[in-house]
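Right, one structure below, let's go through it.
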């Protein structure tokens, strides 16, 4: 334990402003904020769909508000940024071995982005079909 | 010879409770390390400056200090790498004893908690003289933990970890890395004991993957990877525990 004569510097609330590395970390963590907004929009949309046509039209109008579009666009960019950071961390947390050989980290990152593209194409196909 | 300004955080417990900054002008060339600069200050300018050092070649791990808010070993950081004045402070998140000397006891306690040594009761020396047998390990088995075995216990990762700074009870990067290193070792049988430590609240789950510990590690051990691989192990351990009842 700390002795009587020692000095213990306290970590202040603004610790993350003291180093560029911590700022980048906090940016990664902060991506959740616009994403929470998007999820609330989505839940309210589902709820208004249950409420009937009038409620649904009201939700559609709300979603066309430029400010709402801007925050949701930010959520989209934030989710891509978070994916970028997460995909890089993944090979370090789950190093995979195929046939006794370690899979190169770059290949794993590429594989994950390939997955993102596949999901996007699938979502676009489902959405376009409905139009 | 060119000179550079060194701003060193001083703390003399016998003279009061607050640390203060003291500036020194130090001559330097391309080969002058931060440790060389500290030695110059002590020998030529102020003999009362106190700091730890030993090997000068990034093996002993005793000369860790904060250089411009980044934890580094004084011996493998060089004055030529820095523009303007260089701020040197004791390692963050540890109690400061004097000047650049911190109390490493909390770090050593955490290391001891994870039992970072081979545990194998079957090898206890008994009547069959089993204990005298040597272990066998293939290169492939060694490869599994080798990267995590390079730790020199310098403590830089603890100074880089805000979670340890916020909660000194957090076992921290080096201890959790060593736990994972021994769990991965084919000669070891102590995983069960270590998982109890790794899975508690102050274990792997207190890590939020800031990742700065790996950025500052002078031996490229990548403690952040080890701690987060530990989360996977902890989750598997918990699931297996549920199914076993």
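Glycine too: its Cβ is placed from the backbone N, Cα and C atoms.
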TrEMBL annotation (transmembrane segment) - matching range among A:48-67, A:68-87: A:68-87
From A:19-40, A:107-128, the residue range that TrEMBL assigns the feature transmembrane segment: A:107-128
